[in-house]
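Q: This is the structure, below, for whatever I ask next.
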Amino acid sequence: MTLSALKDMFVVRAAPAPVTSLTLQSNGSQDALKAAWIPAVGRVESYQLSLSPSISSQQDLILPPNTTQWVFSGLTPGKDYQVLVKTKSGELTAETRTTGRTAPGWAAHLRLEALDERTLRLSWSAPAGDWDFYRVLLFNGSSVLMNRTVDRSLVEFNFTDGTLIPGRLYRAAVSVESGYLSSTADCHERLAPRSVQRLSVRHSTETSLSAVWSHPVGEWDNYTVLLKDGDVTVDTQTLSRGVQECSFNKLMPGHTYTITVTTNSGDRSSSAHVSGRTVPAQVTQLRVSNQGSTDALQVSWDGAAGEVDLYRVLLIHNSVVMKNESVPPNVTSYHFQGLRSGALYRTVLTTVHRGDLSRQTVADGRTVPAAVRDVTVSNNGRMDFLSVSWRAAEGDVDSYSVTLRDQERTIHTLTVSRLTTECVFKSLVSGRLYNISISTRSGEYEKHTVVQERTQPATALNPTATHMARDDRLKVYWRHAAGDFDYYHVSIKHNNIFQQNKTVPKTQNECVFSGLVPGRLYTVIVSTWSGKYESSVSTHGRTLPAGVQNLTLADSGTEDLLVTWVSAPGDVDHYEVQLLFNDMKVFPPITLNSSTNRYLLSSLTPGRLYKIVVSTFSGPNLSVQFIKGRTVPSKVKNILISNAGQSSSLRVNWTPGQGDVDHYAVSLSQTGGQAEERSIPKHVHEISFQGLLPGQQYMITVTSVCGSLINNSTATGRTVPSSVSALQVEDQRSTSSLLVSWQAGRGVYDGYQLQLLDERGSLVANSSQTAEASQQYFRQLTPGKKYRVVMQTTSGGISSKAVIAEGRTYPAIVNNLSVISNTTTSLSFRWDLPDGEFDGFDVFLYTGDESLQDQKTGMMNMQDCSFQNLQPGTQYKVVVLTRSGDQTNDTSIWARTVPAAVTFLCADNRRSSESLWLSWKQAGGEVSSYTLLIYNPDGTQQEEQSLGPESRSYTFQRLVAGRLYQAVVLTHSGDQTNMATTTGRTDPRPPISFSFGEINNTSLEITWSGPENTDYDDFDLQWSPRDHLSVFNPYHSPTSGNRILKGMYPGRQYNISLRTVSGAGTSNPTYSSPVHRSIRTSQWSTRHTCIRISLSVVPTGNSMGPLGPHVQTLRTHQMAIEMCVRCFHERIWIY
């Protein structure tokens, strides 16, 4: 076979070479990829391109062999594609593959807006195509403030970093990430600046306002300040950013404006407002006038410019505001009334608008001074003198001016100070009429008062009155008076009662009065009259007296004669009586006053004839009358009647009287009874009467007989009355009285005399009783004292023999018996000593059923007593008995021992966080009830509960977890109580949100939240295995919810338990139920990996109880920890 034949038989094609340096790139395109390569070496017929995921329009492209690139379009943005390039040569192919990704799409509708001055919101719409996530960036200029990865499902993000500054311009960008490619879009926004701080009106005048403020926090460009009147802008000012005040001028007085300060930053701004008001304008042309008034001022002014609500008008006197008036704005005057006369006032006028006051306008004014009052001009009875006085004028006065005029001629002018209210004028003409003018001066004003007065006229000289030897007439004459006068007036009076008067012309100087009373002394007054004044001079004259009339001997006695008469007509100074025997004076003359119309002549001789002369005197004159009379014989003297202590006989004796007597007649009789009469010779002077009635009074008459004239002497006598019988004294169980009773004796008696004596015989009481009485009470006596009663029957002042009896008052009970102390087993009593006398005390103690418990006896100084070994809480009765002689008296009081306190009092929470169980052992003795109290740590009462005596326990509910309570159990018995206390603490609730923080191979951070509604002091952290670990508290507070465990073993699993502690550091802390968690520390690993760990923390079953429904709704806490792989010597930590 030939060589050519062999060639035709064996055709062997070598496989084509693949293309090299194949790349698939987007070159920033979101919908196209460019495939490029270096052509294959050798023979190539064509290239076949395929893109997966495939695109229907460009599936399995066949390209010529000289092609080195191809662009795929219409792709999905952000999607990962694979390109396959096949080199074809005949039936043989060679493949080269590579991948590429289109650029992700842009975030659309990107918008950055400021929610508030510290928050920016970035929002966008999702891009077309595929992407993995978003990256959100915040820029301050070129500085990146925040770079966060955001899940692809979100379309907005809030920048709430506290470092954002109000008023600053920020740029935000959203980068759409797809693999290693990204597309970024950005936008700008500015935070609104803050408004200025402490904006206020610093100063205001009538036409200007000034505002100040403090710079806001953040950034701003400048300020715009507006001044508005309502909605109208009055002025606008733009200020640089460093300015902090602004002033506005040429404003309306008293007007309210609004100042708005706007902080500008770019196109954003914030405003602050303040209201200010200009000061009201001051009034002008203030005028004050008195208009001639003494008590009023008229104030007027020109109205103030600007806005005015009212005018305030002050009226000030001596720096004291007297009036404070408000006047409407349309009124420009005011009238003040009721002011002080002559006073200088200051008027202060102020404009008021909405409470603001203008500057004050001041003007002074003075009222017209008042005229003087009660002007008195007196001549003081002098003929050349006038005294002027007045009451000071009301109000203020500078001085007074007094002028004296005689008709139109000025005599004197005096100026006196305002403190002087009188002056005098001398050397005047008697009886002359003068004009007096008094002017009041105050400042430039005066007020005049004019009065008239005249001097006293002169008196007549040497007036004389004579009776002209007549008993009914007087003549008066005198010398003429000097000076000016009008006439004479002559009057006659007696005892200041005018009898007659006559007017005599000034040319005459005598007159006669007739028809007067005999013997009367008259006063004659001669008056000189000038106007209303008179000057008088007087003298006396007397008419002759008359004699007495009807002189009579009215009665006669043994030693006296009675003379009577009718008083002489007219006036009598006195009478004189003389007694004559044979025309010889027996006694010196006796002077009697003029009202006497009788006289008794005594110390005369019985039976003698006398002559009686009566003379009437009036002044130096007298008249005489006389009469005769005889005395009668005298009586016997010294009648003495004696009963000699006898009850049935009387003896009578007497002394004879002066003069002669023939014999005596003696008679004895009872009152209203038959008289027994006996005749006795004149030399016998005594007699006895027998068989008389006891206690009876008798009348005895001894008659002196001398011819036909007799004279009797009478006396009375009484026999001794008989004594009482059956006298006895009873105490009637009284502490202060005794009853005395008796039976009457025989005969006549008119009463009883009782004396109450003490044991020493001293008189205590003295009593008299009528004859009808048969008993007597002696009251207000000393309790317990022994008394003696002495009793006598009386009849007409005669007492019988004494009868004696004895008795003792009932002793008094002790005073102020009281319980001074009581314990559970003892009672102590005290009392004040009783009134009166006593010997001692017996004290008895009885139980409630009146059984005698104990008794004690003491002397009279005993004032207290104690009883021991008693039953707790039991009521007792103590009786204190007072002894005095054989008499006793008692008083009592009920008392109760203090009940015993409960024992073995215990407060147990029984592992409960909201209740405490109290239990105790019953108190000894009697108990009526228990009161249970529970108190918070601050001393406030939490709850109170009353229980019966049979109770032994009680549970307090609805308490605060972990709180230490004080429990008090009060034992009651009657009104007595006793107390037992204890403390108890509820269990705290367990902590919540127990989770783990940073974990490595040797340490662990644990965090939790404290329980709600719980008092707690610390937390108890336990772990197992019980390695020797150290606990670090980063906040150094036992109640903080963070601890770090150090010294742990790598890769070891630990069981962690956490309890809340209440009462940490005390002897009885309480613990909550534990919360358990398990955790394993990190270990060494050579694997390169990244692990996501999710820890779900839920409360344990024991922690569900105290929290109730709150724990049931406790959300599951989930913590996702993304750990980055750290390579060190080909090792990593796995968490």
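Quick reminder: no glycine exception, Cβ is built from N, Cα and C everywhere.
Just lifted these from TrEMBL, have a look:
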DOMAIN    18-105  domain 'Fibronectin type-III'
DOMAIN    192-281  domain 'Fibronectin type-III'
DOMAIN    282-370  domain 'Fibronectin type-III'
DOMAIN    371-458  domain 'Fibronectin type-III'
DOMAIN    459-546  domain 'Fibronectin type-III'
DOMAIN    632-722  domain 'Fibronectin type-III'
DOMAIN    723-812  domain 'Fibronectin type-III'
DOMAIN    813-903  domain 'Fibronectin type-III'
DOMAIN    990-1081  domain 'Fibronectin type-III'
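In terms of burial and nearby residues, how do these features look in this structure?
A: For the domain 'Fibronectin type-III' (18-105), the number of residues in each DSSP class (helix H, G, I; strand E, B; coil) is 3 helix, 48 strand, 37 coil.
Across the domain 'Fibronectin type-III' (192-281), the model assigns an average pLDDT of 92.
The residues of the domain 'Fibronectin type-III' (282-370), classed with DSSP into helix (H, G, I), strand (E, B) and coil, number 0 helix, 50 strand, 39 coil.
Residue counts for the domain 'Fibronectin type-III' (459-546) under DSSP, split into helix (H, G, I), strand (E, B) and coil, are 0 helix, 54 strand, 34 coil.
Shown for the domain 'Fibronectin type-III' (990-1081): DSSP residue counts in helix, strand and coil, namely 0 helix, 49 strand, 43 coil.
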Q: Do you know the DSSP helix, strand and coil residue counts for the domain 'Fibronectin type-III' (371-458)?
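A: Summed over the domain 'Fibronectin type-III' (371-458), the classes give 0 helix, 53 strand, 35 coil.
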Q: Helix, strand, coil residue numbers for the domain 'Fibronectin type-III' (723-812) per DSSP?
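A: Helix, strand, coil within the domain 'Fibronectin type-III' (723-812): 0 helix, 50 strand, 40 coil.
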